[in-house]
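Annotated features, as they stand in Swiss-Prot:
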- 5-25: transmembrane segment (TRANSMEM)
- 36-56: transmembrane segment (TRANSMEM)
- 69-89: transmembrane segment (TRANSMEM)
- G76, T79: Na(+) binding site (BINDING)
- 99-119: transmembrane segment (TRANSMEM)
Amino acid sequence: MGPMGFVAVGVGAAVGAWLRWFFSVTWNAINPALPYGTLASNLVGGYLIGLAVAFFETHPSLPPEWRLLAVTGFLGGLTTFSTFSSEVIANLMAGDYRWAMLHLAMHLGGSLLLTAFGIWSYRALA
């Protein structure tokens, strides 16, 4: 990949990380046991990756930098498996097993459902 690929990933990642930070500072304090900002980042990212998968599947002639910008950069910066993991572990270490399991179910199940819904949405509108 050429220099434009690096630029595309970097720009997308910066914007995605800023949005994730905004979600976190806006919503995480509402419920520390299930930080809504992290959940929003992962669910919105799950839906958008579904849209992106369907979009790029139907537009194979687009330059690869667009996929790098949107998927690797923006969605990689927006979604956060590491923060999600640390929040689940914090719940487990505090003995909040119910919150830990709810956290797991909402992030993983919700993201998978919204990814499928994103693909379906794009195909329904295309």
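Placement of Cβ uses the backbone N, Cα and C atoms for every residue, glycine included.
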Candidate with sparsest Cβ neighbourhood (10 Å radius) among G76, T79, the listed binding-site residues: G76
Per DSSP, three-state class assigned to G76 (Na(+) binding site): helix
Of 5-25, 36-56, 99-119, whichever stretch has the most CB pairs under 8 A to the transmembrane segment (69-89): 5-25
Distal contacts, the transmembrane segment (5-25) - CB-CB under 8 A, six or more residues away: 35-38, 40-41, 44, 64-66, 68-70, 72-80, 83
For the transmembrane segment (99-119), sequence-distant contacts whose Cβ falls under 8 Å of one of its Cβ atoms, 6 or more beyond its ends: 33-34, 38-39, 42-54, 79, 84, 87-88, 91-92
